[in-house]
Amino acid sequence: MEALLNEWLWKDEYWLPPGIRWQDVTLSEDEGRFPLPRDLVYTLPLALAFIAVRYVFERVIAVPLSRHLGVKDRIRIRAASVPKLETFYKQNSRQPSQTEVVSLGKQCGLSQRQIHTWFRHRRNQDRPSNTKKFCEASWRFVFYLASFTAGLASLINTPWFWDQTECWRGFPNQPVSKPHFWYYVLELGFYLSLLLCVSVDVKRKDFKEQVIHHIATISLIGFSYCANYVRVGTLVMLVHDSSDFLLESAKLFHYAGWTRLCDSLFVIFAAVFLVTRLVVFPGKVIHTTLVVSLDFFEPFFGYYFFNVLLLVLQVLHVFWAYLILRMVYKFMFMGKVERDERSDEESEVEDEDEDPEEEGDECSWEQRKGAINSKLASLANNCVLNNLANQRNLNSRLPKAR
């Protein structure tokens, strides 16, 4: 197996510039350690550890914090127990066609309106609560904030942080320090844990883009470590973490109902995101990997593969920047941020065609009782007014009749 990997996967021309072989990549003990592919084996148990820590964090810290900040969950009416509809919902579709509604109505002895109402209530049951979304956002906020702080502390004194040309000086014989090794391994383990949990997390508007982002990020981190693109890789991770924790903090206060603080944090996030992802990332990182690196070596497979992954991330940045600018436009002309256009609106579980009956399902029982009482009172007043008006008309007609 090792001979097969050396022959096909670890070919010199895939990973190293022309004229350099693996035997030429050597470092003395005084210079430090060289990044080895087997180091990435630690990322899988780390990803499982992240999932376990997240499970404990959300229940022990995030849930009590959500209650303390005033996060409220909407009370929804549960769908009646209809086995045939439940089976169709889970195995076929959450939104049946008109033909399927007619067929289900005949099988269950229900009207088409009752079928539509049942599926609407059933979809509402699967909507994630504000507490669940708050817990997810708080976990990501803690990691992104810790990762950005640790990454900035480890890079602030490095020469390539200020001059990106240093990313390629002496390449590929560049040692990796322990802080940067753990920065890489922890980031890769975290994104791997997000990819493993993507099926149980809240499905969002940009679900497909998020999956592509996770896969591209994992491939980028893994390949850059094996090819010893560690210096430029640390810059890529730092640029991404610089705005992510701001977005998650804005979500936290959005779920808690702190509108003003949420809007302020979102504006700050939008400014940081647009500067780092549309200016710094392409102007500094992609420019140094695509142009500056050619001053130190000739193009090879790793050069093209690495830059393609960076360009995929940049396309996603442009897509998210478009959504964020839409949010900024709404904020400027409507006065508030109504919803997170970037990634906080569920795509598969939200019902856009809600009717007045559906709106009632989102209210608490006290609100429903209050609304019913107010309608009854209004109806009673109308009835009294109508009776008085009819009595007055009757009295006005009596003299004429006489």
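Don't overthink the numbers, they just go from 1 along the chain as shown.
The backbone N, Cα and C atoms fix where each Cβ goes, glycine too.
The DNA-binding region annotation in TrEMBL covers 70-130. Residues annotated as compositional bias 'Acidic residues' in TrEMBL: 343-364. The domain 'Homeobox' feature in TrEMBL is assigned to 68-129. Annotation comment: TrEMBL describes 132-333 as domain 'TLC'. The region 'Disordered' feature in TrEMBL is assigned to 343-366. Here TrEMBL flags 40-57, 141-161, 181-200, 261-281, 301-325 as transmembrane segment.
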- Note on the structure: Long-range CB partners for the transmembrane segment (261-281) (under 8 A, at least six residues beyond its ends), listed in sequence order, are 236, 239, 242-243, 246-247, 249-250, 253-254, 313-314, 317-318, 320-321, 324-325, 327-328, 331, 336-337, 340
- Query: By DSSP, how many residues in the domain 'Homeobox' (68-129) are helix, how many strand, and how many coil?
  - Reply: 36 helix, 0 strand, 26 coil
- Message: For the DNA-binding region (70-130), report the average pLDDT of the model, please.
- Response: 83
- Look at every Cβ pair spanning the transmembrane segment (181-200) and the transmembrane segment (141-161), keep those 6 or more apart in sequence, and say whether at least 3 of them are under 8 Å. yes
- Message: Give the nonlocal contacts of the transmembrane segment (141-161) in its own chain as ranges (CB under 8 Å, at least six residues past its ends).
- Response: 57, 167, 177, 179-180, 183, 186-187, 190, 231-232, 234-235, 237-238, 241-242, 244-245, 248-249, 251-252
